[in-house]
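What Swiss-Prot records for 1-23 is signal peptide, and it gives sequence analysis as the kind of evidence. Per Swiss-Prot, phosphoserine is recorded for Ser87. The feature N-linked glycosylation site is assigned by Swiss-Prot to Asn135, Asn163, Asn164, Asn200, Asn338. The disulfide bond feature in Swiss-Prot is assigned to Cys296-Cys361, Cys325-Cys393, Cys329-Cys395.
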Amino acid sequence: MVAGTRCLLALLLPQVLLGGAAGLVPELGRRKFAAASSGRPSSQPSDEVLSEFELRLLSMFGLKQRPTPSRDAVVPPYMLDLYRRHSGQPGSPAPDHRLERAASRANTVRSFHHEESLEELPETSGKTTRRFFFNLSSIPTEEFITSAELQVFREQMQDALGNNSSFHHRINIYEIIKPATANSKFPVTRLLDTRLVNQNASRWESFDVTPAVMRWTAQGHANHGFVVEVAHLEEKQGVSKRHVRISRSLHQDEHSWSQIRPLLVTFGHDGKGHPLHKREKRQAKHKQRKRLKSSCKRHPLYVDFSDVGWNDWIVAPPGYHAFYCHGECPFPLADHLNSTNHAIVQTLVNSVNSKIPKACCVPTELSAISMLYLDENEKVVLKNYQDMVVEGCGCR
């Protein structure tokens, strides 16, 4: 960790160790960080304390260590679209009721690419068949899978458009119950999903593989992977085999293949917080009365992940508005200070006995944010994190 980042961590240490994990980098901290980086002397905690601080931050994100993804790590467009949809960004994809249902029961979405070295299966007449194995060992044991889908890309074929025709294929997805053996070159399989598709458009096809993934993760069954079978219903084999992209073309570069290669997506819940939801801009509940400048209220605070050197593994957002609470809780407590009965009594006692502390200005309402990041295994994860944004402050 570079010296500048350690200076920043030292400035942020009190906020996290004292439980104020809603924000990381206040404007004051930015100025101090700039000064510390330019050589101004400042007291710094020990390396052990800084390491403990970073571990606490990572623990808050459910990580055991800081991810260090390679430059070749790929973020599937599907996951980026999913993030935009659930973060409510302008220009996000149109609503997808199937995805909304899946996300309504999950707070974590994970994506997996298959291991290409295990693709080949014997060809059969009129069919293209591949075995796909996805390593799901990075899914935490406490995460319950609520649904899973296999994404397969199909390309629009110019022959179909030029002839105003529609060549059809049937895509069958099987779970491998028992792998092929020396005595049997074909594995024992169970049909999971099937669909009839044509060549008139380029799009992703989604197949429900929830039963298989739940057996592997929740019931302890062995994961032998899937068989994807494309049945060519027309005779033009040379064209149709290139239509459904279940394997990489001979001269296709790594980047273009990474954008359309098959993808397994799991939706799960770790029992913490609420499911993913589309974040909408909140409206003010009521007009705020004129307050004293020093009274308890919400203040701006922007968290920039690049300031702590985490922008290499956090894909989106680059930062977020966390806000923080600060200000006086004077006697008598006004209605707009959103106080509890206990805070009112405590403030009353403080007015006659200074040994009793005043009520504190703290967050009274918090909301979640969605984060898209690369985990320790370079798997792309979309997760909902609770209590990250201060929505309201009060005296408590």
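The backbone N, Cα and C atoms fix where each Cβ goes, glycine too.
Here the C-alpha separation of Asn338 (N-linked glycosylation site) and Cys296 (disulfide bond) works out to 9 Å. With Cys361 (disulfide bond) as the anchor, the candidate recorded positions are Ser87, Cys329, Cys395, and the one with the nearest CA is Cys395. Cβ neighbour density within 10 Å is lowest for Cys393 among the disulfide-bonded residues Cys296, Cys393.
Cβ-based neighbour count (10 Å, all protein chains) for Cys395 (disulfide bond) stands at 26.
Long-range Cβ neighbours of Cys329 (disulfide bond) (same chain, at least 6 residues apart, Cβ-Cβ under 8 Å): Ser295, Cys296, Leu337, Ser339, Ala343, Thr347, Lys358, Ala359, Cys360, Cys361, Cys395. Cβ neighbours within 10 Å of Cys361 (disulfide bond), excluding its own Cβ and spanning all shown chains: 21.
Comparing Cys393 (disulfide bond) with Ser87 (phosphoserine), their Cα atoms are 23 Å apart once rounded. There are 15 other CB atoms within 10 A of the CB of Asn135 (N-linked glycosylation site), with all protein chains counted. Cys361 (disulfide bond) carries a strand DSSP state (E or B). Across the structure, Asn135 (N-linked glycosylation site) and Cys325 (disulfide bond) are spaced 44 Å apart at their Cα atoms. Between the C-alpha atoms of Ser87 (phosphoserine) and Cys325 (disulfide bond), the distance comes to 24 Å.
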